[in-house]
Amino acid sequence: MRMIMFFLVGLLVHVIFFISIFDIYFTSPLVHGMAPQVSPLPPPASRLLLVVADGLRADSLYKPDANGSTRAPYLRSVMEETGSWGVSHTRVPTESRPGHVALIAGFYEDVSAVAKGWKENPVEFDSVFNESRHTWCWGSPDILPMFAKGASGDHVYTYTYPAEREDFASTDASRLDTWVFDEVKSFLQSARVNSSLMSSLQKDQNVFFLHLLGIDTNGHAHRPMSQEYLENIRLVDSGVKELVSMVEDLFDNDGRTAYVFTSDHGMTNWGSHGAGHPSETLTPLLVWGAGVHTAQRVTEPQKYSDGYLQEWQLEGLRRVDVNQADIAPLMSSLIGVPIPLNSVGVLPLQYLNNSDQFKAESMYSNAIQILEQFKVKMAQKKETTLSFLFTPYQLLTESRQAEFINKARVLIQLEEYEEAISLCRSLIGHALEGLSYYHTYDRFFLGCSVVLGFTGWTSYVVLVILKTHASLRRPPTPTDQVSGKTLWWMGVGATLLIGMFLIIQRSPVTYYIYCLLPVPVWYSVLKEFGTLTDLVRSYSSLPLGKCFGYFALVTFGIELLVVSFFYRAMLTVGLAVLSLWPLLSGLYSKAKFRSLSWVLCCLFLATFPMMPVVGREANIHMVTCAGVLSLLISTFYLWLARKRTTLHLTDRYLLIFQMLHVAVCAYVPTSTHSSLQLKQGLPLLNQMISWTTLGSSLFVPLLSSTRLFHRLLSIFLSLTATYLLLSTGSEALFPPVLSWLMFVWINIEQEAMLSQGISGRQELSTLDFSENIDITKIRQLKLDDIRRSYFFVFFIITAFFGTGNIASINSFDPASVYCFLTVFNPFIMGGLMMWKVIIPFIIVMCTFETIQVSTQLSSRSLFLIVLVISDLMALHFFFLVQDYGSWLDIGTSISHYVIVMSMTIFLMLLSLMTHILTSRRVSLWRTRKMHFP
């Protein structure tokens with residue numbers, strides 16, 4: 001009962017630590033209650049046509065073919081004659097939802113949306129569509145509903161195709177774009193005979209939005225260098241040309257239509273996106289029509305040093321780069337609607353072909369719109385902070401705000417527009433910095449509270465280990481009782497003081513949890529202070545040299561694991577060092593075959609972290625090889641075990657069936673890949689086999705014998721079958737190699753116990769997971785158990801990062817799930833990829849469960865050491881979290897902490913699952929009782 005209670009408390013504490021990062025770093029930056037800002041001067045355009053080619057890279061559009069011709073002749077003519085162009089720089093994560101929010105609402109990824117996926121933003125926000133008179137949208141059901149939901153009123157109209165059309169196995173994904181163009185043409189033609197619709201179209205401040213998903217889908221399915229991707233660009237180009245002609249004809253060439261063509265994100269050469277590679281963050285931007293500069297020839301070298309102008313053969317045309325969020329205020333200025341209230345974009349004046357007064361007024365509106373956000377944010381923080389503790393942002397105090405605004409207005413009235421524009425840009429810069437200042441105002445306070453709780457919890461676990469396993473238990477004394485009462489009253493007093501402080505500041509409920517958690521944690525630590533004093537008194541009897549040696553090695557090992565999160569190659573170094581363990585510990589002389597197996601397995605596994613995470617071409621033959629290797633390993637084990645243990649006939653048939661099943665699953669990816677290459681779609685039989693395999697992967701092992709190695713072999717075959725279906729290349733070899741190393745680890749630990757003289761050692765072949773543990777044989781912790789626990793943590797990290805870095809969204813390749821589905825569904829696809837990541841975890845966890853049984857140690861004892869090691873890593877990453885530098889650096893630092901905390905929580909839950917997976921048996925048929933010798 002005490003163990004369950006400790007487990008639940010530990011789980012709760014870690015869940016709180018995990019959630020804290022979302023309150024500290026993942027709170028929404030959006031504020032509400034600002035007044036809309038719009039230029040008082042008439043706009044140059046009455047309507048705007050926005051075309052977003054999802055997944056289109058800048059170089060794919062701008063760079064000529066090998067023969068010098070362009071893939072998009074119409075858009076190229078716009079750049080050279082009638083419009084302005086540049087590169088739109090996106091931010092991480094380069095995904096569709098945040099990209100479209102930046103384009104249309106003017107702010108970057110709302111970090112509180114990390115768990116929302118692709119579908120919607122969790123906080124209501126303003127957008128160009130919401131501010132327009134009418135907006136008509138055509139395109140993907142994953143993007144359009146987000147902006148219709150956020151709009152006030154019913155003036156945003158969406159037309160989407162069924163989600164089933166977003167099929168990566170489609171014979172021609174460009175038909176998604178053809179559907180959009182056909183629907184828009186039909187809509188414009190219907191306006192000629194529908195007077196009510198025509199009346200709406202002829203009003204000002206209208207927006208037409210075309211979301212074209214074909215290029216992105218073809219990029220995922222065939223890669224951006226494929227013929228399908230490039231042909232899709234040509235189709236989009238001709239579709240835009242025809243559409244512009246129809247729009248101009250419908251409105252009698254009135255010169256009041258502005259056009260914007262861009263992309264939400266790019267794509268890597270291997271068909272993925274999400275991270276910060278230039279191929280993902282550089283997207284094209286073309287603007288032409290009413291109020292926009294026509295092409296401007298330049299003779300002098302431009303300020304860009306990236307070499308793209310020469311590569312794209314565009315040195316003679318002025319290039320104007322923008323940040324993606326800058327496009328929202330640009331569109332607002334062109335049609336005269338208020339800039340979206342939460343926009344942080346800065347109006348790119350180089351695109352506007354209008355008077356200096358119009359530019360100055362537009363820039364002034366932009367500055368006031370961002371300043372309004374700053375003022376609301378400052379007021380919110382001031383209301384929830386005690387007056388004597390509140391520190392305002394010094395560069396933009398209330399007097400400085402008034403000074404900026406008055407001076408800008410005077411400069412505009414004096415027609416000193418350049419100076420007014422410069423002043424407004426300065427005001428925007430200060431306001432954006434001030435927004436960040438107030439958004440992170442409580443970060444240090446919350447961080448200190450969490451660190452205090454973290455260190456307290458880790459200290460308590462260490463003391464529990466010492467008290468339980470270092471023979472330091474002693475009966476309580478009267479002095480302990482007095483100090484216990486004093487501690488209790490101190491805890492109550494601290495709780496009341498902290499609670500009153502938070503009530504006065506009107507803090508959120510979660511702040512109470514983070515600030516009050518350290519009180520009971522440190523109360524528990526100080527209550528066990530006697531254990532620590534006893535340890536100090538008995539230091540003379542301890543092997544201090546050995547203790548410090550282990551401490552130094554584990555500290556070095558933890559640092560190596562932390563560095564491996566940034567450089568996967570460090571896992572290779574770690575595995576190379578681990579391979580020397582039998583030689584350094586003297587085990588080699590006692591068990592040469594097992595020691596050599598250990599060395600070879602470590603070195604084979606060390607090759608995987610050296611392989612590229614992304615950018616690998618699919619190699620289905622490697623999946624087949626992995627299946628063959630799995631069958632060879634299984635056959636070799638059964639051959640070795642044939643004389644040691646007797647298998648019941650049904651258990652033998654079950655293992656043979658599982659081996660045949662692995663053979664089938666090794667063939668299914670080849671069959672699926674071949675069918676998709678021929679554009680015949682996903683075979684139904686393959687899909688049925690895949691989903692059946694997934695559904696039964698955790699059930700089938702429960703039918704097998706609970707004898708130690710028989711159950712482990714059944715688990716290995718069941719999980720490997722699923723892993724093969726989720727593999728596209730060399731990563732399929734990872735589970736067989738990892739499993740073989742785990743098998744060797746179990747055997748070599750037996751030799752380690754023998755060399756240490758631990759009594760009661762059992763033969764592994766006689767161990768049964770279902771047998772009740774003999775409490776009289778459970779031993780106390782030894783220093784070598786720290787090494788066992790560290791090995792476990794190291795193998796868990798290797799299982800996690802061995803074939804890819806999940807912290808990078810870029811690791812996701814849709815091709816991995818093609819045996820299960822090809823229609824785009826981010827949640828099912830993400831779930832399948834997460835299961836692929838978890839499979840190596842389960843293999844390592846089952847091994848650790850086996851070692852606990854075979855080394856006669858309670859699971860609680862070893863797991864407490866694992867908990868301390870994991871928590872020290874998590875605390876390390878908490879200090880490495882940063883809110884400066886590139887967005888990729890910020891995201892990565894936060895991801896590392898989230899991963900380690902998730903892993904700690906996950907291991908607690910996974911330990912229960914693996915205990916059931918190894919020790920429980922389900923009987924579907926009656927079997928006669930077996931008597932083992």
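Glycine is no exception: its Cβ is also placed from the backbone N, Cα and C atoms.
TrEMBL annotations: computationally assigned, not manually curated.
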Matching range for TrEMBL feature annotation, transmembrane segment, among 46-62, 97-113, 573-589: 573-589
Contacting positions for the transmembrane segment (827-850) when only residues 6+ beyond its ends and CB under 8 Å are counted: 117, 694, 708, 712, 715-716, 719, 722-723, 726-727, 734-735, 738-739, 742, 745-746, 769, 792, 795-796, 799-800, 802, 806, 812, 814, 816-817, 820-821, 859, 862, 906-907, 910-911, 913-915, 917-918
Contact check, the transmembrane segment (862-882) vs the transmembrane segment (573-589), 3+ Cβ pairs under 8 Å, seq sep 6+: no
Leading contact stretch, 487-504, 510-526, 573-589, 596-614, 894-918 vs the transmembrane segment (684-703) - CB distance under 8 Å: 894-918
Beyond the flanks of the transmembrane segment (487-504) by 6 or more, those residues with Cβ under 8 Å of it: 386, 511-512, 515-516, 519-520, 523, 526-527
Intrachain residues whose Cβ lies under 8 Å of the transmembrane segment (894-918), provided they are six or more past its termini: 7, 10-11, 14-15, 17-18, 21, 25-26, 565, 698, 701-702, 706, 711-712, 715, 769, 796, 800, 806-807, 838, 841-842, 845-846, 848-850, 859, 863, 866-867, 870-871, 873-874, 877-878, 880-881
